[in-house]
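Okay, structure first, notes after.
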Amino acid sequence: MTPNLLPRSREEDEEHRLLANPTSRGTEEDEGDDEETAYEESEKVVIVRVEEGVDGAAAGDAAAAPFSWKKLWLFTGPGFLMSIAFLDPGNLEGDLQSGAIAGYSLLWLLMWATVMGLLIQLLSARLGVATGRHLAEHCRDEYPNWARYLLWFMAELALIGSDIQEVIGSAIAIKILSNGYLPLWSGVLITAFDCFIFLFLENYGVRKLEAVFAVLIATMAVSFAWMFGDTKPSGKELLIGVLIPKLSSKTIRQAVGVVGCIIMPHNVFLHSALVQSRKVDITKKGRVQEAINYYSIESTVALFVSFMINLFVTTVFAKAFYGTDIAKNIGLVNAGTYLQEKYGGGLLPILYIWGIGLLAAGQSSTITGTYAGQFIMGGFLNLGLKKWIRALITRSFAIIPTIIVALVFDTSEDALDVLNEWLNVLQSVQIPFALIPLLTLVSKEQIMGVFKIGAAFKVVAWLVAILVIVINGYLMLDFFSAEVNGLLYGSLICTVSVAYVAFIAYLVLRGTAFCKWLNAVHTKRLTISGN
């Protein structure tokens with residue numbers, strides 16, 4: 001008997017879940033058919049229609065249909081929403097500090113970090129398309145309750161840390177554009193209403209929401225390209241920086257920051273859910289392969305755009321401040337002021353161009369953060385809550401601590417920079433808890449069918465994941481060695497670190513052992529079916 005190598009159906013997924021976690025049977029029976037999904041069927045964008053005829057049949061039953069610009073356009077959207085995490089205020093701060101302190105020398109690393117980020121995001125999209133479920137939903141089924149709740153807690157912490165940076169970034173932009181009239185805390189309150197704008201836009205359909213994000217990305221691109229044109233960075237040094245790797249002991253911290261800012265834990269969860277906004281019949285190999293192909297093209301284009309925007313910011317600050325006495329003092333709060341002092345007015349003062357770009361980055365990333373929070377909470381917990389309630393809860397998690405931060409740190413630029421370092425570390429801590437489950441799942445034939453990644457791809461993916469985890473581990477070690485003093489704090493950090501490493505080891509070992517166990521169960525089922 002030929003085994004079925006297509007991804008599992010919902011019924012098979014439920015059977016697998018019960019085999020993997022029998023203690024959860026009663027809970028799921030109580031929930032009935034109320035399992036949360038990323039998108040309702042009525043919300044999804046239709047790609048292939050029944051009346052497509054022969055072409056549709058060929059695409060569904062065998063190979064993917066020939067390339068179509070129209071279909072690429074219909075699939076375009078999720079990748080650009082995902083790319084916003086590469087352009088949030090935290091990334092922009094990493095860009096400007098990299099440029100000011102390291103000049104053009106780390107542009108090659110920015111490029112390769114974006115390529116690594118693309119690889120991870122393609123795996124996330126592959127999981128969502130091939131299985132019809134997103135990463136948080138799979139984690140709920142694949143892990144016992146204690147591990148599932150811990151993974152959810154870690155994902156929420158990463159999201160809160162990212163959201164605080166994004167909201168603060170928006171608030172700084174609002175303060176700049178209001179000429180200092182609106183303090184930081186009022187900008188936070190204004191940004192807090194993003195979730196309601198998001199819910200309002202959702203009522204008009206997925207494509208309308210994606211169009212708004214496209215406008216925000218275009219605003220960033222135009223703003224930072226304008227700054228690039230005003231400051232006129234060296235084209236020769238730019239090319240050398242991109243093509244020739246350079247790294248010194250003086251720029252190692254900025255190098256770690258460049259890589260650490262690119263891969264965001266919540267974004268790995270987000271992309272696997274966003275791709276489900278299109279109707280794809282996962283029982284037909286051709287349709288799934290077609291969707292994976294189009295999403296791969298779209299994500300590559302989106303991250304190329306994000307790379308160019310990050311490159312604009314890095315080179316502007318490299319040209320303006322590299323080698324100056326103030327290079328190490330530049331952050332989001334004072335960057336616009338320093339630019340204004342150096343380059344002055346023009347048709348539109350560079351301070352306000354920076355503020356517009358920063359505002360677009362902050363606003364877009366806070367809304368996608370709310371989006372990610374919905375999927376993470378719904379996937380891990382399956383509470384059956386309405387979207388607006390989930391959005392409100394997710395937004396409250398970030399807004400309340402952010403208002404406190406804004407009130408406490410409004411008058412201190414140095415304190416905000418220290419806070420930003422703590423938030424970067426908080427997100428770095430969470431990266432393994434998104435990457436390891438993702439790589440474990442996309443390697444399983446029982447989950448992915450014929451769309452599981454091959455041996456070579458698996459090796460490359462794990463090497464990238466290990467590299468990213470090690471780099472972020474270095475960032476954490478460097479930070480804590482500088483900031484944590486005293487026997488009590490040192491002992492506490494050591495204890496938490498041991499538990500942290502133990503949980504990572506559990507995820508890796510369980511993924512390997514569990515995969516072998518599932519293979520045995522699957523083989524037994526096939527044998528029984530054959531008899």
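Yeah, the Cβs are placed from backbone N, Cα and C, and that goes for glycine too.
Residues or ranges marked as region 'Disordered' by TrEMBL: 1-42.
If you look up TrEMBL, you'll see 8-18 marked as compositional bias 'Basic and acidic residues'.
What TrEMBL records for 28-40 is compositional bias 'Acidic residues'.
Here the transmembrane segment (107-129) has long-range neighbours at 38, 78-79, 82, 86, 95, 98, 135, 138, 238, 241-247, 255, 258-259, 262-263, 267-269, 271-276, 280, 282, 288, 291-292, 295-296, 299-300, 303, 306-307, 310-311, 314-315, 435, 438-439, 441-442, 447-448, 451, 453, 460-461, 464-465, 467-468, meaning same-chain residues at least 6 beyond its ends whose C-beta is under 8 angstroms from one of its own. TrEMBL lists 107-129 (among others) with the feature transmembrane segment.
Annotated transmembrane segment per TrEMBL: 149-174 (among others), in sequence order. Same-chain residues lying 6 or more positions outside the transmembrane segment (149-174) and placing a CB less than 8 Å from one of its CB atoms are 85, 88-90, 92-93, 136, 139, 143, 182, 184-188, 190-192, 264-266, 269, 332-333, 355-356, 358-359, 361-363, 365-366, 369, 372-373, 376-377, 380-381, 394, 397-399, 401-402, 405-406, 416, 420, 423-424, 426-427, 429-431, 433-434, 437, 503.
Look at TrEMBL and you will find 180-199 (among others) tagged as transmembrane segment. For the transmembrane segment (180-199), the residues of the chain that approach it from at least six positions outside its boundaries are 167-168, 170-174, 209, 362-363, 366-367, 370-371, 387-388, 391-392, 394-395, 399, 402-403, 406-407, 409-410, judged by C-beta separation under 8 angstroms.
The feature transmembrane segment is assigned by TrEMBL to 211-229 (among others).
Below 8 angstroms of C-beta separation, residues 79-80, 82-83, 86-87, 91-92, 95-104, 106-107, 110-111, 114, 117-118, 121, 217, 220-221, 224-225, 227-228, 231-234, 237-238, 242, 330, 335, 338-339, 342-343 of the same chain, each at least six residues beyond the ends of the transmembrane segment (301-322), sit close to that stretch. Look at TrEMBL and you will find 301-322 (among others) tagged as transmembrane segment.
The transmembrane segment annotation in TrEMBL covers 343-361 (among others).
Within the chain, the transmembrane segment (367-385) has long-range Cβ neighbours (under 8 A, six or more residues past its boundaries) at 31, 34-36, 38, 81, 84-85, 134-137, 139-140, 148-149, 151-152, 155-156, 159, 162-163, 166, 194-195, 197-198, 213, 266-267, 269-270, 273-274, 391, 393-395, 397-398. The transmembrane segment annotation in TrEMBL covers 367-385 (among others).
Positions annotated as transmembrane segment by TrEMBL: 392-410 (among others).
The feature transmembrane segment is assigned by TrEMBL to 422-443 (among others).
A Cβ distance under 8 Å defines the sequence-distant neighbours of the transmembrane segment (455-475), meaning residues of its chain 6+ beyond its ends; these are 116, 119-120, 123, 256-257, 259-260, 263, 424-425, 428-429, 431-432, 435-436, 439, 442-443, 504. Residues or ranges marked as transmembrane segment in TrEMBL: 455-475 (among others).
Long-range Cβ contacts of the transmembrane segment (487-509) within its own chain (Cβ-Cβ under 8 Å, at least 6 residues beyond either end) map to 147, 150, 429, 432-433, 436-437, 440, 469, 480. Residues or ranges marked as transmembrane segment in TrEMBL: 487-509 (among others).
If one looks beyond the transmembrane segment (211-229) by at least 6 residues along the same chain, the residues whose Cβ comes under 8 Å of a Cβ in the stretch are 80-81, 83-84, 87, 201, 305, 308-309, 312-313, 315-316, 339, 348, 350, 353-354, 356-357, 360-361, 363-364, 367-368.
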